[in-house]
């Protein structure tokens, strides 16, 4: 983009145009919890003024492997023994993982007593695989940062950021127009909603089949998608964008419920269906879509945990199921990177394509590789990042801070962390706009490839599997964490380089 050729006056004009477009198209956080005098307050989501330049081959590699990743994590979610083998031990030292694992066990016990017509075998995954473009003397390509299986965010507003940069190009705010490339047309909104809509259709077909077998007349209702959210949610526009797309394109109604109010849902024990009552009517729930629930603090009470179990046992399709949530833990990512683990689930070209994206990772246990990881953590910490099982940003420990953190905790707790080698991300320059004026930074980019999959956990049949667009986050090179909602990074779009 040759951003060094822009004058301060041009950057100021570009910043004003980008900021106005962002507000006009919902690229904002809402600050309902701090509104004053009854006013709603919105702040612009941090954005880049220019698209992020990503090597063509690296981007194609990341996009091409997404369907294999979708299938991989669906299979992991179905594999109780694999999850038990690698996760049960860390539940002793991680309260959140312990609670999730206990819910999973209780769900398995409850399912064993359900009648066939009360059991839901279908599951929905809305996934995001995050990468940085790694470069060394002999290699340039994508290395995976993490794989997310719950509450993947910014698929809604990322489409608007792509449109924002297109507007800047078409309206003359760039010195040189962007080159149109079909590969970077962002289908994040339609892609995610296609997956959710397919799950709704699968639910309808499944329920219709049940009623037909039992000679019960269908009630002809249109089941809904239920977004489970947190109170005072800031990222509303990202979520609402998906709701509007579901309604306008797929004619699927969505409703929202605070995780603290899950006990208001209605569970019909005879049919095992889930219902939501509003001031207007009562809706049958086809899909429960969690946009919260990935952190311990998200659950305000034991009742919220109990209701997640109740929902898990109903006929509604869950996104994600508890087993899919567990499959997305950092420990599973680390285990997959070890030799032979991946062969349990994939083979051939898919196996090789997925394996090529793995970064170097270590456990911190008493296995030979774990002992090697412990040695590296203390002797060469500057080459690594230490990751707990938690999602949401702001939880990692970097470089020289790693030995101090490990020294403060009992050694038996180290196994609940993984050690990951730094990805040598390709740097560039960009302007980040999150206040009144854009600021120029040396930056690195993280691309997140979105995917959706609907599958049958009893038969392993895949009903739908697709790559569903992308997001791009850009952060100052000196910043370790990469979360937009936590204030570390900004949203961008992608322009490809040869």
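Using N, Cα and C of the backbone, Cβ positions are placed for all residues, glycine too.
Looking up 197, 356, 416, 428 in Swiss-Prot for phosphoserine, the annotated residue turns out to be 356. When the recorded positions 146, 356, 398, 422, 475 are screened for a Cα within 10 A of the Cα of residue 484 (substrate binding site), the ones that qualify are 475. Put simply, 294 is the one of the binding-site residues 234, 239, 294, 422, 475 whose Cα lies nearest to the Cα of residue 148 (Mg(2+) binding site).
Comparing Cβ neighbour counts within 10 Å across the recorded positions 148, 151, 239, 356, the minimum falls on 356. Of all the binding-site residues listed here (128, 234, 475), it is 234 whose C-beta has the fewest other C-beta atoms within 10 angstroms. When the neighbouring Cβ atoms lying within 10 Å are counted for each of the binding-site residues (146, 294, 398, 484), the highest count belongs to 484.
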